[in-house]
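Enquirer: Handing you a structure now.
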Amino acid sequence: MTWAPESASGLIGAEIAGYRVERELGRGGMAVVYCAKDLRLGRTVALKLLAPEYTRNEAFRSRFAQESRVAAAIDHPNIVPVFEAGEADGVLYIAMCFVAGLDLRALLDREGPLAVPTALRIAAQLASALDAAHARDLVHRDVKPGNVLITKGVDSDHPEHVYLTDFGLAKKSLSLTGFTTAGEFVGTLDYVAPERIAGRPVDGRADQYSLACVVHETLAGAPPFKRADHLELLWAHQYDQPPALSKDRPDIPVAADEVLRRALAKIPDDRYDTCLEFVGALRAAVGGAGRSGSAPASADLPPAAPCTDQGTGAEPGAERGEEPEEPEERAEAPALPEPSPLPEPPEPPSWAGPVLRAPH
Ligand SMILES: Nc1ncnc2c1ncn2[C@@H]1O[C@H](COP(=O)(O)OP(=O)(O)OP(=O)(O)O)[C@@H](O)[C@H]1O
Ligand SMILES: [Mg+2]
């Protein structure tokens, strides 16, 4: 088996560790993610194959194994369930729940800044996921829009359902920034906390900083720090004050600036104790702006149910219409629709690029 095929169709139809590869969903700097069929259980999964340089890196391998176990053990409605992680023919893989939707990077690229209630709902779900991980001493380390998957929610109170993915896959073992051993840059520095840049120990508050960068971007259209080159960006995270959010979004009260500033504090002790505390403070600061606004950005998300261990792609229960009330921060899964047995894989979302079907 060859990894990282030149053409996207290279692995289509191949069997890897009991999964049949059906089509490519996307690729990042360290992996290619495929939609695949679990041949033992008949369910559709997302199969992530890690690049060989990670497989060869001993530190990464052991951390991958350990953190995959921890991530798989976290049962939280806003964390993508990991079914299995292992190695087959020298390739590290993770089989996880297939989320039919799009990632937050694609949503922001498509929609630009989001309505305040939508941004708050997304932030609250991410905060809930992160706090649950932090309670188990697991730091994500790579909170960014590309690792946030969004699918249609179950009802008008929950128009979108958000999943955080890629726990334990931050590029720590190669270097902070994602420079490969060949010196190529493969990641983003837009969301990285100052203590990571300084090489100091990180805890959940580093994720809070990254979450605040993401929240800033969902509301302002760009992360707080944009600089011409990587070094300037690193410097800005370390030393520059973040811009006031209310300058880009006049509909947001200035009280929100202080909340963002605190979550983006250079020193972790100066931040909120938890991510939910941060998002709660933000919701209080935006006041009425958090309850008004245009239709949710999820209006044309593909229909899909939240991930379950069965990996079903059942239809959501309700139509959406009026602007929903802002939900409470949720630590519980919304009511799931009845699972249907062994469904066909959902139609690929439009953002999935070229659609390649497995041979029958
Ligand atoms: N469980 C999943 N279900 C559906 N699509 C997924 C799933 N996991 C990842 N994807 C999609 O696969 C694509 C590639 O993901 P990947 O994690 O490799 O890249 P990334 O997060 O953009 O970058 P990085 O390499 O920095 O992690 C993303 O666009 C994401 O939307
Ligand atoms: Mg990712």
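Even glycines carry a Cβ here, placed using N, Cα and C.
What TrEMBL says about a protein is an automatic prediction, not a curated fact.
This is the feature table in TrEMBL:
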type     : residues : note
BINDING  : Lys48    : ATP binding site
COMPBIAS : 287-302  : compositional bias 'Low complexity'
COMPBIAS : 336-351  : compositional bias 'Pro residues'
DOMAIN   : 19-286   : domain 'Protein kinase'
REGION   : 287-360  : region 'Disordered'
Enquirer: Across all the protein chains here, work out how many other Cβ atoms are within 10 Å of the Cβ of Lys48 (ATP binding site).
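Expert: Its Cβ shell of radius 10 Å holds 25 other Cβ atoms.
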Enquirer: Across the domain 'Protein kinase' (19-286), what does the pLDDT come to on average, as a whole number?
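Expert: Here the mean pLDDT over the domain 'Protein kinase' (19-286) amounts to 89.
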